[in-house]
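A.B. asks: Straight out of TrEMBL:
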type: COMPBIAS; residues: 36-47; note: compositional bias 'Basic and acidic residues'
type: COMPBIAS; residues: 54-66; note: compositional bias 'Basic residues'
type: DOMAIN; residues: 7-39; note: domain 'Transposase IS30-like HTH'
type: REGION; residues: 36-66; note: region 'Disordered'
Amino acid sequence: MPRRPPLSEGEKGEIRASKRAGLSIRSIAKDLGRDPKTIRAYLRDPEGYSQRQRPGRPRKLTPRDRRRIFQLACTDGLRSAAIAKLISPHVSKWTVRREL
């Protein structure tokens, strides 16, 4: 199931106003057409809502490696396989090509 977009500023204001008015989380969620967990998460931490970084696979290349790849490709005119050998043993020519 796809993720819904994060709460808009208008929705956040409505949630705060509704909660101050004494409405339950379930009724606020029903009025906005959102999941009660979304409303609860926002009320629990309004400043931190939707700020969490999603986990993912770590990058193979550091920013320094990326700069070096561009430098070698532009100034020395090396091919991707040669650049991969110069950069480090854990980088393939396909990784270099993807960056270029």
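Our numbering is plain: 1 for the first residue shown, then up by one each step along the chain.
Placed from the backbone N, Cα and C atoms, the Cβ positions cover glycine too.
Just so you know, TrEMBL annotations are computer predictions that nobody has curated.
What you see is a predicted model, and the numbers here were worked out from it, not measured in a lab.
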A.B. asks: Could you give the number of helix, strand and coil residues in the compositional bias 'Basic residues' (54-66) as assigned by DSSP?
C.D. replies: 4 helix, 0 strand, 9 coil
A.B. asks: Which whole number is the mean pLDDT over the domain 'Transposase IS30-like HTH' (7-39)?
C.D. replies: 93
A.B. asks: What counts of helix, strand and coil residues does DSSP assign across the domain 'Transposase IS30-like HTH' (7-39)?
C.D. replies: 24 helix, 0 strand, 9 coil
